[in-house]
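Below: one structure, written as structure tokens.
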Amino acid sequence: MLNPNIFHMPKIIIALDFCNKKSAMKLVNLLNPSIFYLKIGKEMFTILGCKFVKELHQLGFNIFLDLKFHDIPNTVFNATKAAADLGIWMLSVHASGGKEMLISAKKALKSFKKAPLLIAVTALTSFKEEALKEIGINISLTEYILKLSKLSNDCGLDGIVCPGKEAKKIKFLFGNKYKIITPGIRIAKDLLYDQNNIITPKKAKEYKIDYIVIGRSITMSKNPIKKLDLIIKSMQ
């Protein structure tokens, strides 16, 4: 299998969206930690907690703890610090938490010699423009994402999670140092599930996206390694 980390293509984060440890480890044991990153979201963290994060870290994996903190600044400060203590590689907060919350999260990492990347979630890939209007925000989804991207950049965060279609413009506006993580990656034959804003791996490379998050396309595959190889080859 080609290693995307040594080529000019997006690096791959596998979303461990399972309801039990046995199923998760069945996939983890097939993966090379020098090639793939792992994402732990709310489901697995709620079931298995900090211990599971530490176990995966000890296996040599870089862990993206995707808990999307969104609370008052003091709570987010303490939660961010606690998460960083786990030795994770990347951590997410919600950009819509506002300037004070984002700055508080960034401050929480100052005492760490090797702090995790702090990433702000702009809009979920399941999010539709109509949902903005329902909560009284009368701008386009693209404009909303760009505003939150600028806010996160101004607050000193390392990057954002955003749908692929906006990534190209964000890279142009904020440069290559500002990391872009994009879920909703599908190859042609994949099901969409509940995601609306999707792109192909090839487009992700074209848009200079830094990391692509792949979940159900892999976790529900009968042959996940073959599927991953297909995804990597599609980016060549």
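Counting begins at 1 with the first residue displayed.
Every residue gets a Cβ built from N, Cα and C, even glycine.
Positions annotated as substrate binding site by Swiss-Prot: ASP17, LYS39, 66-75, THR125, ARG186, GLN195, 215-216. The feature active site, proton donor is assigned by Swiss-Prot to LYS68.
Structure with Swiss-Prot features highlighted.
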| residue | record | Cβ contacts under 8 Å, 6 or more apart |
| --- | --- | --- |
| ASP17 | substrate binding site | GLY41, GLU43, MET44, GLY215, ARG216, THR219 |
| LEU67 | substrate binding site | GLY41, LYS42, PHE45, ALA79, ALA83, LEU91, SER92 |
| LYS68 | active site, proton donor | LYS42, SER92, VAL93, HIS94, VAL121 |
| HIS70 | substrate binding site | VAL76, VAL93, HIS94, SER96, GLY97, MET101 |
| PRO73 | substrate binding site | GLU100, MET101, ILE103, SER104 |
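PRO73 (substrate binding site) falls within a helical segment according to DSSP.
Of all Cβ atoms in the shown protein chains, 20 besides its own fall within 10 Å of the Cβ of GLY215 (substrate binding site).
A 10 Å cutoff on Cβ-Cβ distances gives THR125 (substrate binding site) a total of 21 other Cβ atoms nearby, all chains included. In the three-state DSSP classification, THR125 (substrate binding site) falls within coil.
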